[in-house]
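Student: Checked TrEMBL, it gives:
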BINDING   73-86, 278-290  NAD(+) binding site
BINDING   93, 103, 131, 220  substrate binding site
BINDING   220, 244, 248  Mg(2+) binding site
DOMAIN    2-349  domain 'Isopropylmalate dehydrogenase-like'
SITE      138  site 'Important for catalysis'
SITE      188  site 'Important for catalysis'
Ligand code: NAD
Ligand code: IPM
Ligand code: MN
């Protein structure tokens with residue numbers, strides 16, 4: 001298992017350190033794990049001038065899987081766009097063809113009181129958001145800020161080809177077959193032609209999966225339904241931009257954005273694994289960030305890239321036990337609970353593991 005570790009910026013190094021301890025433990029038990037380290041994002045810009053250096057590309061191209069912390073920070077916000085840390089993340093996703101982003105928003109029952117919604121609304125919530133990751137307005141051309149009739153005009157373009165929609169549809173339907181067999185496709189077909197095609201292709205592809213129920217929802221309604229009754233959803237499939245927004249929203253229903261892992265897969269299940277949150281500059285360097293989303297991303301790596309479902313379950317069970325023991329980082333602590341730091345949460349998970 002050749003794993004490239006890209007810690008990135010802000011809280012990235014702190015949360016990655018705890019996930020690496022989990023990998024080291026598994027290695028110590030005999031799993032054939034080799035870790036190699038590289039730079040991405042702002043730290044890569046500082047060292048090389050580029051957010052996704054060629055060396056990093058070589059490293060991840062030869063690895064079986066990538067574990068990534070987070071990129072970005074206010075000190076980089078004035079850089080020209082090609083040098084922005086976020087460009088590094090977009091480049092690695094695009095160059096490895098990681099089109100399928102799986103973001104499971106599952107409530108650990110122990111965290112019902114940390115949810116921003118009432119316990120009775122979130123209990124049992126278990127949603128898989130399947131976000132298309134290499135297309136949409138994120139990558140469409142033309143793009144830029146240009147002069148038109150003497151004023152600046154900002155341009156981005158939403159584009160999806162039917163092949164791109166088909167392949168993410170298959171991922172969503174096949175994931176649903178292993179769950180509760182319901183896919184809700186989220187679009188904005190009442191306004192955007194691009195998403196009319198999205199809906200049409202979802203319908204066509206859905207015919208190959210008669211055992212899965214396909215429904216459609218407009219994205220504004222979906223944002224509302226997620227906080228009204230999140231348990232109505234099994235698999236949500238949507239484009240890059242809507243998936244970005246809805247997954248941050250869904251994360252808070254599980255207690256914190258610090259709880260949500262993700263897998264970004266190509267067609268061979270080579271994968272990049274990362275928490276869905278960012279570099280959290282407001283809490284970086286303070287040992288208070290929640291490392292569980294990153295540790296749970298290691299579980300997803302074991303499941304999807306390495307087919308080690310038993311190892312994945314062990315990690316998930318260790319996290320569950322820590323939570324049922326009442327151990328919490330600040331973001332998920334309810335009133336009166338003992339609050340652990342990032343490293344101490346890592347200690348607790350290792351003990352259970
Ligand atoms: P963010 O996700 O970094 O932070 C949003 C809020 O959630 C902050 O209050 C933060 O403290 C909190 N938070 C995030 N992760 C946490 C954790 N593990 N534990 C506890 N609290 C946590 O989003 P933002 O503030 O909008 O963005 C900050 C920077 O991160 C920006 O430069 C942005 O571009 C970048 N970003 C990177 C990624 C990524 O690398 N995948 C994702 C999102 C944002
Ligand atoms: C995420 C992030 C990224 C995205 C940014 C940092 C490019 O928000 O991984 O969710 O928009 O995809
Ligand atoms: Mn995001």
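Here the Cβ of each residue, glycine as well, is placed from N, Cα and C on the backbone.
TrEMBL labels come from automatic prediction, so no person has curated them.
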Student: Based on a Cβ-to-ligand 2 distance below 6 Å, what subset of the recorded positions 73, 77, 85, 188, 220, 244 would you report?
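Tutor: Cβ under 6 Å from ligand 2: 244.
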Student: Take the mean position of the Cβ atoms of 220, 244, 248, the recorded Mg(2+) site. Which other residues of that chain put their Cβ within 8 Å of it?
Tutor: 219, 223, 241, 242, 243, 245, 246, 247, 249
Student: Counting other CB atoms within 10 A of each CB, which of the binding-site residues 73, 85 comes out lowest?
Tutor: 73
Student: Quick one: of the binding-site residues 220, 280, 288, flag those whose CB is under 6 Å from ligand 1, and say none if nothing qualifies.
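Tutor: Checking each Cβ against ligand 1, the ones under 6 Å are 280.
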Student: How many other Cβ atoms are found within 10 Å of the Cβ atom of residue 103 (substrate binding site), counting all protein chains shown?
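Tutor: I get 25 for this one.
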Student: Please compute the mean pLDDT of the model over the domain 'Isopropylmalate dehydrogenase-like' (2-349).
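Tutor: Taking every residue of the domain 'Isopropylmalate dehydrogenase-like' (2-349) together, the mean pLDDT is 97.
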Student: Please list the binding-site residues from 220, 244, 280 whose Cβ falls under 6 Å of any atom in ligand 3.
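Tutor: Correct list: 244.
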Student: Using only C-alpha positions, which one of 77, 280, 284, 288 is spatially nearest residue 220 (substrate binding site)? These are the binding-site residues in the record.
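Tutor: Smallest Cα separation from residue 220 (substrate binding site) among 77, 280, 284, 288: 280.
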Student: Return one of helix, strand or coil for residue 188 (site 'Important for catalysis'), based on DSSP.
Tutor: coil
Student: In three-state terms from DSSP, label residue 85 (NAD(+) binding site) for me.
Tutor: helix
Student: Give me the CA-CA distance between residue 85 (NAD(+) binding site) and residue 188 (site 'Important for catalysis'), in Å, as a whole number.
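Tutor: Counting only the Cα atoms, the answer is 29 Å.
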Student: Counting only residues 6+ apart in the same chain, whose Cβ is under 8 Å from the Cβ of residue 248 (Mg(2+) binding site)?
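Tutor: In sequence order, 257, 276, 277 meet the Cβ cut-off.
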